[in-house]
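Colleague: Starting off with a structure, shown below.
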Amino acid sequence: MMEPREAGQHVGAANGAQEDVAFNLIILSLTEGLGLGGLLGNGAVLWLLSSNVYRNPFAIYLLDVACADLIFLGCHMVAIVPDLLQGRLDFPGFVQTSLATLRFFCYIVGLSLLAAVSVEQCLAALFPAWYSCRRPRHLTTCVCALTWALCLLLHLLLSGACTQFFGEPSRHLCRTLWLVAAVLLALLCCTMCGASLMLLLRVERGPQRPPPRGFPGLILLTVLLFLFCGLPFGIYWLSRNLLWYIPHYFYHFSFLMAAVHCAAKPVVYFCLGSAQGRRLPLRLVLQRALGDEAELGAVRETSRRGLVDIAA
């Protein structure tokens, strides 16, 4: 964010690095293809969760994650177009800066939501009685709204301190805010990994040791997906803005992995919820991926309607 130019600045840069242009174009083309697939997948998840799937707390989390990934991929695909066209197309500075800031904003939102849903799923597994009886009804909605609001505040502070949107940028304040963002990223990663580890230990220490399935299994797979595919983008972005040294090839690698991270989530949802040897509608597949809670909610709703019909 300290440098508005992002796309196109690495290809052919005068830093003495020997780049294989053909290899870079292949990586960028793969990134665009994965981004397009991710847009379709997250769009399907967004549509199904907002219209067809029974609303439960975890579905609301996935709805917000899909929304953040959808915006991220849209900005991601547009931002690398100048690299893909090898400088034949260039964006104005304010467009590049807007794409960069919006992309990091959605990245932090998605990571924060993953940490929140990991903690809530861990609490549901460790304290099932308390979770069923004492959990505030609108906790998920409040957590999601607060996450978007706090990430938007960080986004505005970084935009004000590091760009010329709101006046002259302050280099010292900008670096301080990026250090805060780095600490936030580390805390979110530790929280997410700690909650997932406790959830895994809880499942393994159960009486029959069943394999993680349903929504707990989905959370564990999503966390692993972030650590291997989503984290490199955050490391690159923070290193770039804090002027830390990073290998030159890490630029294309982190962008490709970010596209893999967002595009693979819908695949994980649908694969985990699909039944072997059976063809199910996407709505039922996604409902199965949400786990027993969604199915229990649907059963309760059906039972309540049956009682109403009998009483009538």
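Numbering starts at 1 and runs along the chain as it is shown here.
Glycine is no exception: its Cβ is also placed from the backbone N, Cα and C atoms.
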Colleague: Per the topological domains given in Swiss-Prot, are GLY43 and MET198 together on one face of the membrane?
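Modeller: Result: yes, GLY43 and MET198 share a side in Swiss-Prot.
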Colleague: Which one, 21-41, 60-80, 177-197, has the most C-beta pairs under 8 Å toward the transmembrane segment (242-262)?
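Modeller: Out of the listed stretches, 21-41 contacts the transmembrane segment (242-262) most.
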Colleague: Tell me, roughly as an integer, the mean pLDDT over the topological domain 'Extracellular' (163-176).
Modeller: 72
